[in-house]
Amino acid sequence: MTRRPEIGALAAAGVIFVFFLAVAPAFRSLESFFTVLYQSSTIGIVAVGVGMLMIGGEFDLSAGVLVTSAGLVNSMFCWYLGVDLWAGAALSLLFCLAVGFLNGWLVMRTGIPSFLITLGTFFILQGANLGVTKLVTGAVASPDVSAIDGFHSLGLIFSSSFEVGPVTVWGTVLWWILFVLISGWILQRTRGGNWIHAVGGAADSARAAGVPVVRTKIGLFLAVSFLAWFVGMHNLYRFNTLQAGGGVGNEFLYIIAAVVGGTLLTGGFGNATGIAIGAFLFGMTSLGIVYAGWDPNWFRAFLGVMLLAAVMVNLYLRRVFR
């Protein structure tokens, strides 16, 4: 159990799953299960990157609004500068990577805690999302991009779905699984994974042992930015337009998913499987509450309970692994 703390998250997910099976008849269908997977995937993709960053000893509170920024930048470039969506997506990716690099560089250059640096980035992006969108469009939503060249081809990459019998499977679920597998392979099978655990556990000792601490941590911030861009593209090409104020609060979902999955808040320990289970637990609970006919605001209370429980588990794990 102590070596595989994600088992606790899996057990909690199993209990909650059985509970909603009992109280919500609509939850019992195969279709609802795949809906839960989809709901979990949009949180889970970014949570993979945020969780890896936490294993490396850092936090990113700007990831949620960066998801929205990614879609807004893409739509603004295309609609108002006349570039096609492929070019807009590339420019959006460069923007997100620049934000990630800046976050990592500032953290490593100044020594200021990453949650403060990225909290500043959060407010900058949130204000820019709302201010620029309203200035350009006169509203708080991005322009509809469905009529711009490249929409359908990019939609196939970022927001495709297909039917398997009576259920709809979203491509983001498959992408989520792929990203989890890749991150698990990196963390468990590569030298880079050893570096991530080392810099999160004891950065000074890792530096003395020759681990490239700066490069490793900046690389993790870049990974978060890439995954935020990916989900931003999905949101844009699924809904055609985005609300400029979207994404606020999701940064806590990413962090809590990682913590519930067994990632140490102090860094140095965690795995991709646990992070994925944490994201699935939240997707299942948010939809289970709806299927049960309860007020969706109860989900916030559930998040608080899970966070407190996860912190208690973290205190125990910290004593075990430190």
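Note: Cβ is positioned from N, Cα and C throughout, glycine not excepted.
TrEMBL annotations: computationally assigned, not manually curated.
Annotation source TrEMBL lists transmembrane segment at 7-27, 33-54, 61-82, 88-108, 115-136, 167-187, 218-237, 252-270, 275-292, 298-317.
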Any contact, the transmembrane segment (115-136) to the transmembrane segment (61-82), with at least 3 Cβ pairs under 8 A: yes
Interface check, the transmembrane segment (275-292) with the transmembrane segment (298-317), three or more C-beta pairs under 8 A: yes
Distant-in-sequence neighbours of the transmembrane segment (7-27), which means Cβ under 8 A and at least six residues beyond its ends: 1, 260-262, 274, 277-278, 280-281, 284-285, 287-288, 291-293, 306, 313
Sequence-remote partners of the transmembrane segment (167-187) [C-beta within less than 8 Å, at least six residues beyond its ends]: 30-31, 33-34, 37-38, 40-42, 44-45, 48-49, 51-52, 55, 157-161, 193, 196-197, 227, 230-231, 234, 270-273, 275-276
Contact between the transmembrane segment (218-237) and the transmembrane segment (88-108) (at least 3 Cβ pairs under 8 Å, separation 6+): yes
Beyond the flanks of the transmembrane segment (88-108) by at least 6 residues, Cβ under 8 Å: 58, 60, 62, 66, 69-71, 73-75, 77-78, 114, 117-118, 121, 125, 154, 213-214, 217-226, 228-229, 232-233
